[in-house]
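First up is the structure itself, then whatever we jot down about it.
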Amino acid sequence: MKPSSEEEGELVQGVGPWDECFEVAVQLALRAGQIIRKALTEEKRVSTKTSAADLVTETDHRVEDLIVSELRKRFPSHRFIAEEATASGAKCVLTHSPTWIIDPIDGTCNFVHRFPTVAVSIGFAVHQELEFGVIHHCTEERLYTGRRGQGAFCNGQRLQVSRETDLAKALVLTEIGPKRDPDTLKVFLSNMERLLHAKAHGVRVIGSSTLALCYLASGAADAYYQFGLHCWDLAAATVIIREAGGIVIDTSGGPLDLMSCRVVAAGTREMAVLIAQALQTINYGRDDEK
């Protein structure tokens, strides 16, 4: 369902120093969604980045250029971390300055194949603290938002995570990541097997980490884990999950490190710890060391 003008008005209201930034992010996410929906049905020029499974299209670049250029006009002193700029050699460093963390199309492989699970993700951090996140599920026109201390919403409806604590009653989401060498695939499949041996109801892969995390925030899944995601996949969704009452931690069980390329998220701390304890680590390095 497309957000109504009334709902959009509700979403941009708030009391805080970053209200204008949040409002602009919402409008840009909606504009980006229009571009992505139109391009979804068209022919695409596809390139690869780190592997044959790590894809990029002209639309990724077009959407990122739109978002970054508009934000630079409005907020010239702010910093940016954006997926395609980073792939082209820009440094991925989170400082204390106001910083936008952008994934123009999360689910590019889905986008290429016209599989309708595709999103644009815009996160915002100040003093290395995540302030808000905006994620637009382009094909279903669902707008997920979260602001620190102000709750999380989808098209104006408040989100609430699942309160499940029993892994044997859990639906768990994950993503494969771009590395497909035999050792990485062996550990990936082993981690799924461990959760299934623990009698989890199921393990799902949908091709978009940001939307999987939004489904967790909505209570449609109980946990999420991944090795190989990046800060632009995680920033906006982390705020949304936390504001929906959920937990986001490192796969070691410690506090989340946005640059570590790994995460466990769940509706409850008990569930997050159970997942973290079951996992074998896959090393993807760090975003701020690439």
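Every residue number used here counts from 1 along the chain in the order it is shown.
Just so it is clear, glycine is given a Cβ too, placed from its N, Cα and C backbone atoms.
In the record from Swiss-Prot, residues Asp103, Ile105 bind Mg(2+) 1; the candidate from Glu83, Glu129 listed for the same site is Glu83. Swiss-Prot names Asp103, Asp106 for binding Mg(2+) 2. Of Asp19, Asp222, Asp233, the residue it gives for the same site is Asp233. Between the CA atoms of Thr108 (substrate binding site) and Glu83 (Mg(2+) 1 binding site) there is a gap of 12 Å, rounded to the nearest whole number.
Here the Cα atom of Gln226 (substrate binding site) is found 11 Å from that of Asp233 (Mg(2+) 2 binding site). What surrounds the Mg(2+) 2 site, by Cβ distance within 8 Å of the Cβ centroid and not counting Asp103, Asp106, Asp233, is the set Glu83, Ile105, Gly107, Ala119, Ser121, Ser208, Ser209, Thr210, Leu229, His230, Trp232, Leu234 from the same chain. Separation of the C-alpha atoms of Asp106 (substrate binding site) and Asp233 (Mg(2+) 2 binding site): 7 Å, rounded to the nearest whole number. Fewest other C-beta atoms within 10 Å: among the binding-site residues Thr108, Ser208, Gln226, that description fits Thr108.
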